[in-house]
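So that you can see what the record holds, here are the features copied from Swiss-Prot:
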SIGNAL    1-21  signal peptide
DISULFID  C47-C89  disulfide bond
DISULFID  C78-C122  disulfide bond
DISULFID  C82-C124  disulfide bond
REGION    122-207  region 'Disordered'
COMPBIAS  122-139  compositional bias 'Basic and acidic residues'
COMPBIAS  174-207  compositional bias 'Low complexity'
Amino acid sequence: MSPLLRRLLLAALLQLAPAQAPVSQPDAPGHQRKVVSWIDVYTRATCQPREVVVPLTVELMGTVAKQLVPSCVTVQRCGGCCPDDGLECVPTGQHQVRMQILMIRYPSSQLGEMSLEEHSQCECRPKKKDSAVKPDRAATPHHRPQPRSVPGWDSAPGAPSPADITHPTPAPGPSAHAAPSTTSALTPGPAAAAADAAASSVAKGGA
């Protein structure tokens, strides 16, 4: 059999083999699939700098569009798993790398440089809580004046508080003296009592 005929026969067998083999067919004896060891799986998944794809999007103020070639680049960024859910993979060392990008602004084009950040060292650190990012409202001093309150006062909506009610101070003069009370005006003095007694005696003598 000629070498050319052997090649044609081998090519035909290779094309027919996948179609004839069932999907659930187990591996043939002696042909075991390669299994990645646990240590390799763990090492690949740890927090470390790894190559990631970063898209490049540029928006111009004008109406002329600028196209970047390539539209995305690959840089080293931190990523991977941490041993605890409360930890996250963060960069502890980074540097800037400059790349040449072809900028197309029709009908011309030119090479430009773009600076991107790359991570050189990574570490698993505790995740930042919301309280550490957002300021605590209780700790923030309020400059709004607080309304004055009097113990036992339960004011209705819109009613003034006793502490807010001011009483005018009387001006000095005759009007500043307190007027006699109703009780003192009705109580007779010594002269009035003597006159009443004399009138009573005269009335009795006439009778």
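Glycine too: its Cβ is placed from the backbone N, Cα and C atoms.
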Rounded inter-Cα distance in Å - C82 (disulfide bond), C47 (disulfide bond): 6
Under 8 Å by Cβ from C47 (disulfide bond), same chain, sequence gap 6 or more: C78, G79, G80, C81, C82, C89, C122, E123, C124
Assigned element (helix, strand, coil) containing C47 (disulfide bond), judged by DSSP: coil
Mapped DSSP class for C82 (disulfide bond), helix or strand or coil: coil
For C124 (disulfide bond): DSSP state (helix, strand, coil): strand
